[in-house]
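> Below you will find the structure I want to go over with you.
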Amino acid sequence: VSAMKEELNRNYSELTEFILLGFRTSPDVQIFLFLFFLLVYMVIVVGNISMIIVIKIDSRLHTPMYFFLRNLSYLDLCYSTVIAPKTLATFSSKDKKISYNGCATQFFFFALCVGTEGFLLAVMAYDRFSAICSPFLYTVRMSQQACTRLVIGSYICGGINSMVQTGFTFSLHFCGENRLDHFFCDVPALIKISCTDTSVNEIVLFILSALIIVTTTTVIVVSYAYILSTVLKIPSAHGRGKTFSTCSSHITVVSLFYGTVFFMYAQPGAISSPEKSKIIAVFYTLIIPMLNPLIYSLRNREVKYAVKRILLRKLSFH
């Protein structure tokens, strides 16, 4: 028994790194995936930075709605940057290792950004509710201080989720097994290679994910129920369309984000399917952050006009 305990302790202490197996495909497919990830990440960086700059420069976009949108772009840029560079590095070299501390850090910031984004999307729904259903109280409800507090509150909630999940996940023992069947450090992959009982971790993951999803989607659904009720009372079809058009981009983003997060974390079967997890993970770590600025720029008249004004201003200087 003493010898067994010594062996276990030795294995626990020796694990200082993980190997990211990523996408186990042929070299040709690996090159294609590298180019795909690189292209998507470049679009993410350009799209979200452009959105942040446009909102910052154009004074007409200095409203609560665009203040939240600027923070959404910042979060998309951050959590894709936590994942994409390391993934590109593993595609382009034979060294697929990530240190234990690096893995914990990557997961912490990823969980922080994703959790915060969920709460921020709920805040954005509340903002649209206040603007459409209570226009006379809007400036009071959504003052600069109130908006700042809501964003800080989103980060605090995301931080609590991240700290709890990181603490529970990296308290697991791995007994020398360090091959992660994923392209980044995520809970399902880490749970799968642990040699200790992970039932508590799976329950914590499910409860936290369900709690965040239920809380934030309740705010979103209730907000849009009131919005729909208010919009239907507008007599003209043009007025109804114009009012509801300010919500269409947000509804699209919410559907994409919560749909993928639900299938990844809030269903018990997700952990047992690594290939499915990888595909879904690509969608919410890269595709959604790429689509968000495109959705808001292509479907938002004010953003398009702001971009045109900035371009015309630059051309007039030349």
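Backbone N, Cα and C define each Cβ position, glycine as well.
As listed in TrEMBL for this protein:
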- 31-55: transmembrane segment (TRANSMEM)
- 47-296: domain 'G-protein coupled receptors family 1 profile' (DOMAIN)
- 67-84: transmembrane segment (TRANSMEM)
- 104-126: transmembrane segment (TRANSMEM)
- 146-164: transmembrane segment (TRANSMEM)
- 203-227: transmembrane segment (TRANSMEM)
- 247-267: transmembrane segment (TRANSMEM)
- 279-298: transmembrane segment (TRANSMEM)
> Please give the sequence-distant neighbours of the transmembrane segment (31-55): residues at least 6 beyond its ends with Cβ less than 8 Å from one of its Cβ atoms.
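For the transmembrane segment (31-55), the nonlocal Cβ contacts are 23, 25, 61-62, 66-67, 69-70, 73-74, 76-77, 80-81, 84-85, 87-88, 91-92, 286-287, 289-290, 292-294, 296-297, 303, 306-307, 310.
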> So what pLDDT does the domain 'G-protein coupled receptors family 1 profile' (47-296) average out to?
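That stretch averages a pLDDT of 86.
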> State the residues, same chain only, that lie 6 or more residues beyond the ends of the transmembrane segment (67-84) and have a CB under 8 A from a CB inside it; answer 'none' if no residue qualifies.
37, 40-41, 44-45, 48-49, 51-52, 55-56, 106, 109-110, 113-114, 116-117, 120-121, 123-124, 127, 147, 150-151, 183-184, 253, 285-286, 288-290, 292-293, 296
> Same-chain Cβ contacts of the transmembrane segment (104-126) under 8 Å, 6 or more residues past its ends?
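That would be 65, 68-69, 71-72, 75-76, 78-79, 82-83, 86, 98, 150-151, 153-155, 157-159, 161-163, 165-166, 169-170, 184-187, 190, 212-213, 215-217, 219-220, 223-224, 250, 253-254, 257-258, 261, 284-285.
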> List, by number or range, the same-chain residues at least 6 past the transmembrane segment (203-227) whose CB is under 8 A from its CB atoms?
115, 118-119, 121-122, 125-126, 128-129, 132-133, 157, 161, 164-165, 168, 187-188, 191, 244, 247, 251, 254, 258, 261-262, 265-266, 268, 271
